[in-house]
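According to Swiss-Prot:
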CARBOHYD  ASN177  N-linked glycosylation site
CARBOHYD  ASN222  N-linked glycosylation site
CARBOHYD  ASN245  N-linked glycosylation site
CARBOHYD  ASN256  N-linked glycosylation site
CARBOHYD  ASN274  N-linked glycosylation site
CARBOHYD  ASN454  N-linked glycosylation site
CARBOHYD  ASN483  N-linked glycosylation site
CARBOHYD  ASN490  N-linked glycosylation site
CARBOHYD  ASN505  N-linked glycosylation site
CARBOHYD  ASN552  N-linked glycosylation site
CARBOHYD  ASN566  N-linked glycosylation site
TOPO_DOM  1-54  topological domain 'Extracellular'
TOPO_DOM  76-137  topological domain 'Cytoplasmic'
TOPO_DOM  159-320  topological domain 'Extracellular'
TOPO_DOM  342-397  topological domain 'Cytoplasmic'
TOPO_DOM  419-603  topological domain 'Extracellular'
TOPO_DOM  625-740  topological domain 'Cytoplasmic'
TRANSMEM  55-75  transmembrane segment
TRANSMEM  138-158  transmembrane segment
TRANSMEM  321-341  transmembrane segment
TRANSMEM  398-418  transmembrane segment
TRANSMEM  604-624  transmembrane segment
Amino acid sequence: MLFSRSGRSIFPLLPPYAAHAPNPNQGHIIALPPDGLTPYLGLRARLSQVWINRWTILLLLVLVRVLLAASGLQADMSTAKREALSACTSVESMGSSMASMPHYLSQGVNELTATGVEKAVSGLKSMLMLTITGVEELVLFIIKVLYQTYLCLFTLAVRGSVHVAVGVIKEAADFLNSTVKEVGDDIGKAVSTFESAFNKFLDGVNTVASAFGASVPTLDLNSSISTLENLQLPSSIDQGLDKLNSSLPTFDEVNNFTQTVLRTPFEEVKKLVNESLGTYTFDRSLLPVPAKEQLTFCEGSNGIDSFFDSVTDLVMKARKIFIAILIVAATLACVPMAWQEIRRWRSMKERSQLVRKEAHDPMDVVYIVSRPYTAAAGIKAASRFSNSRRQILVRWAIAYATTPAALFVLCLGVAGLLSCLCQYLLLQAVEKTVPELSTQVGAFADKVVDSLQNASAEWANDANGVIGHMSQDLNENVFGWVNTSTTALNDTLNTFVDKTTGVLNDTFGGTLLYEPLMDVFGCLIGLKVQGIQKGLTWVHDHAHIDFPLLPNDTFSRGAAASISSNSSNPSDSFLADAGDQTSNKITEVVIRVVNKVEDGIRTETIISGVIILIWVFIALIGIVRALTLFWVRDRNRGEGGGARVNHHLSDAGGFIDVPLTAVSNTNTDARSMPPPAPAPRYEASTSTVVASRAVPVSSTHHEDEKLGFAGERQYGSALKVDGAADLRGSSYVEYDMEKR
């Protein structure tokens, strides 16, 4: 039966193919040429819609998402810029306050320094007074001990020696006086006898001599003997020793002289110390006060503006790059899609011949024609199996995983991952600039510390100059007199030694005691005086004062330590809030934006991954079902399986019944439709060779069906184009038989 216009009432979407026939009364359907005027889309019409292929659309959607992400990132960076500028302004104000701290702290530090100097000078005065008095009394005590000890030894030696000498002289004088008188008397008696005899002799001689007119004098020794009798040692023989004994020195003059001379320099030093340090007050106006500092580092070429401007330029550049790349990719995607459409069109034309042949499974033919690539992939994978049942299951699993809905889910997930990748690349480009901001923030801290160090160093230099001048003044006015007094004391000791030596020289000069006394003096006093002089010389060389100077980092040490690399706690930085774990507030703003975008990318990646996992789950469902049926033998009718599908038999005219009434039209109101008409019949084309003829059905065949035999299924004819098999020679034969 031919199609008629009344067929439109049965299936409104079915075209009136018989209307195209040259003679409507003929009983054959005229096939329309594919390149002519057809109700379906031709190649040119298909190619006109290549630009809206799925990959171009997905790439454009990715581009839109990347542009939205770039715009969102730019908006977030603008917000971060405002927050960073606000934080930078706060840091700038705090840095200016920190840099101005020397101005405020110097007043208190100056007062502390001045008070410390005054207290030190007051303590120095007390120490000097006590030291001078102690040294004065100590020197006098030592000298007094020395010369009094020497005086005791001297008196002992001299007086003992004089007393012994005077006693010896007196005894010797008394002995000599008594002995000489007795000797004189004895000599006088002897001389008188001799003189009488001698005079008598002389008288005889004179008698003779008178004859010659001469005379001999007589001997008279009485006067000499009287003199000898009256001879005695003079009483003045021990007057010198008595005088020496009575004239031993007591060194009272030396004592008075020494005390007068020694006390004079000490008293002068005390007087000068009292005059110089009596009411010493440090002049606080001499200490400097640094000026206030105003730091500006938030603006300018190295400020926050330049950083965020560079980030904005980077985002804009990245957006342009993504626009260019994705648009070019979307455009280039049209080329393979156009080639794919051309191949699909050719494949559809080739495989459309299957519709004109008798196919055992027309749905398979429709699937192969409508989904050429997925069907080809299934056939390619199924060709690796020799069992027809497994070939069917493999094709079914691939078809299940490549339905338009499943592929839409897969493409959506892949597009989401591609979008996340583009956003990640953009984020990585922005993250590379964060260390630059950290470096700039570190430079901000360095600027504050440098300003503090400069102010602190300038203040310390000026203050140290004042302290040095004060130390020099004290050394000249106070310790200068100490040096003078030590020199004078050394001179006094020399004078003491000279004076003592003079006294000894006047007393014992030219005597036997002079040398021993001088040796004792040098041993007992001279060596001690030399030791004292050495000590005074050391005091003279080291008597000066040096007040400790102020370090150059008085005001900057703490700030410099807080940003140093040795700081274990980043929150110690003076640019960080209390409790912050980041190094400062400025980089925290940018890091927060980066973390926000990163969280968004992570969320989108998870969503895209879940979408892909949904497709994987769908594919696994098909794979699991196919694997389950892989090892299950198909049950025949006798085992509870389904009935055998009868082949449509061609009648004598070559027509086949097409049950068009089996297709329900849910969009049409049943009341508006006319009653169903008999199903039309297709007329076989005279130019087409039927690939498969009707199989005569014997009674035995019907009996086999009743008994449950599956019978043969001619799947091979459904996959042949122009008599050639589309698969291997082992295509679909028997379920339970391997190919031969």
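Numbering starts at 1 and runs along the chain as it is shown here.
Backbone N, Cα and C atoms are what each Cβ position is placed from, and that goes for glycine too.
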Which has the fewest other Cβ atoms within 10 Å: ASN274, ASN490, ASN552, the glycosylation sites listed?
ASN274
Counting Cβ pairs closer than 8 Å to the transmembrane segment (604-624), the top stretch among 55-75, 138-158, 321-341, 398-418 is 398-418
Hey, which bits of the same chain come close to the transmembrane segment (398-418), Cβ under 8 Å, at least six residues off its ends?
54-55, 58-59, 61-62, 367, 371, 374-375, 377-378, 381, 604-605, 607-612, 614-615, 618-619, 621-623, 625
Across ASN454, ASN505, listed as glycosylation sites, the smallest other-CB tally within 10 A is for ASN505
Between the Cα atoms of ASN256 (N-linked glycosylation site) and ASN490 (N-linked glycosylation site), find the distance and write it as a whole number of Å.
18
Cα-nearest neighbour of ASN552 (N-linked glycosylation site) within the listed glycosylation sites, ASN274, ASN490, ASN505:
ASN274
Sequence-distant residues near the transmembrane segment (55-75) by C-beta distance (under 8 Å, 6 or more away from its ends) are 312, 315-316, 318-319, 322-323, 326-327, 329-331, 333-334, 337, 411-412, 414-415, 418-419, 422-423, 426-427, 430, 593, 597, 600
Out of ASN274, ASN490, ASN505, the glycosylation sites in the record, which is closest to ASN454 (N-linked glycosylation site) when you go by Cα distance?
ASN274
Which secondary structure state does DSSP assign to ASN552 (N-linked glycosylation site), in the simple three-class scheme?
coil
Taking the Cα atoms as reference points, how far is ASN490 (N-linked glycosylation site) from ASN505 (N-linked glycosylation site) in Å?
22
Using DSSP, break the topological domain 'Cytoplasmic' (76-137) down into helix, strand and coil residues and give each count.
62 helix, 0 strand, 0 coil
